Amino acid sequence: MTCKNTRRLYQIITTFLRYGIDEIIPDIPLTRHARLGRKALFWVRNQHKDQPFGVRLRLALQELGPVWIKLGQMLSTRRDLFEPELAEQLALLQDSVEPFDGKSARQIIEQALGGSLETWFDEFDEQALASASIAQVHTAKFNQNQPLVGKDVVIKVIRPDIEPIIKADIALMYRLASWVPRLSNDARRLRATEVVREYEKTLLDELDLTREMANAIRLRNNFENSEMLYVPEMYPDFCHKNVIVMERIYGILVSDVETLKANGTDMKLLAERGVQVFFTQVFRDSFFHADMHAGNIFVNPNHPENPQYIGIDCGIVGTLNQNDKRYLAESFVAFFNRDYRRVALMHVESGWTPADTDIDAFEQAFREVCEPIFAKPLSEISFGHVLLNLFNVAREFNMEVQPQLVLLQKTLLYIEGLGRQVYPQLDLWQTAKPFLQNWLNEQVGVKAILRDLKQRAPQFREHFAEFPEAVFNALQQQKQINFRLDELNKTLQAQGRQKSHNVRSIVSGVIILGVLWRFDDLPLWLSCGTLVTVLLVLLLQRKS
């Protein structure tokens, strides 16, 4: 470890000690090195004893700087790991820092674009429109040299020298996380190293603005011509790893309820559309904006009777596969049907909990945690908290962490919070129910079978020529085996007809298994067709 890193580690540890964060260490025997380390810092005492632990942790992270602030923000969404009071304190962390010099921003942009800003833009504002720990944004207009002359744009630029700072602090986070499992069994359950790894990926992805560009383009295409959501246009010719240029939007922050009402916005429809946008992303597109907090969501001021969301900052997104979506849909439907056994089976069938899990105990654990939720009317039940309760129970049964579902649960909490802030009477279940039912019907109904046949048609055609040969070979093998069986039967006649029949059945079963094994790489319908043919032949021969 370098001297610089050692100094930073010392600063981190003493900051935590000054805020009394070491109280989370239980009264257990510490290692010799840990005891010596704490004694060496005997003079660093908790200077904020009058504050609750959650407040002290928030203040400590705030003091340590942007990388730790963003870690706290991420941890605030992991309500499967922390008490609600602690998560709520961490959610108060604000990723807002002083902007860096506008002239430096100009130099970075010009270096990325390969020329003077005046080549492409007019009215570049060196005063940042907004500033955060990773990047800041400036406004400008396309000049007469561009096809979109006069178009208002926003230029986002990564902070200079932020990457080495992030990587250095991440390395120290890994070192601290490696100590956590040694504290207690509860500390081991936090899987601190896994949390840091997840955070590292999220943070490093945010440093590459071309990812944000690609995500925004994909989301924009998914909602092209949609009345529900508008995503600003990206200008790929001007986008690089540390600089992107996008359309500037003008809207009302979704959290500014008074302005929305003053503008005549249909608040009920706006709240319902927020839920519809989320479930459309999840079940139709398998791709969702995973950072939908109030600062990233605006409402188009035009046509307030038909409100449209505007989404920005696509740096963090989530993707789902069919198994994820099936888990989500079936778990919600089973929960609202109070079918806790189905909920338990879903976790095992998905492979996220061990196959030898005690289903009865699993079901009972879900029942004990989820049943009290129904003391509320259905319209007041939070999907995000339902999912959180499912995660908490599943973790007790050794469920593997599913980062994509953690992202989804965080986003769902954002959507619910914004929806009920806009329209407190929002009925989430009635709004979401059609999406869940339609998706399940499409996956298991006649439509799903027809769609699967259509998708597999080229594969069917490719293997169809093999079908007659497969049947012929199976019949030839059966003919040869029958001859041998006849010889064997003569020998076994003295031992009774029943034994002969048993031998024929056993050998026929071996033939069937052999045929299935030989064609295990064929489509299901072709393998089944071959099997049915062989069974018919065997049946006819038995009758003869």
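Just so you know, the numbers here start at 1 and follow the chain as drawn.
Cβ atoms here come from the backbone N, Cα and C positions, even for glycine.
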(request) Select one of Lys103, Lys156: the residue that Swiss-Prot places in the ATP site alongside Leu129, Ala130, Ser131, Ala132, Ser133, Ile134, Ala135, Gln136, Val137. (result) Lys156
(request) Please compare the binding-site residues Leu129, Ala135 by how many other CB atoms fall within 10 Å of each one's CB, and tell me which has the fewest. (result) Leu129
(request) Check the binding-site residues Ser131, Ser133 for other C-beta atoms within 10 angstroms of each C-beta and report the one with the most. (result) Ser133
(request) Could you tell me the mean pLDDT over the domain 'Protein kinase' (123-505), as a whole number? (result) 84
(request) Looking only at C-alpha atoms, tell me how far Ala135 (ATP binding site) is from Asp291 (active site, proton acceptor), rounded to the nearest Å. (result) 16
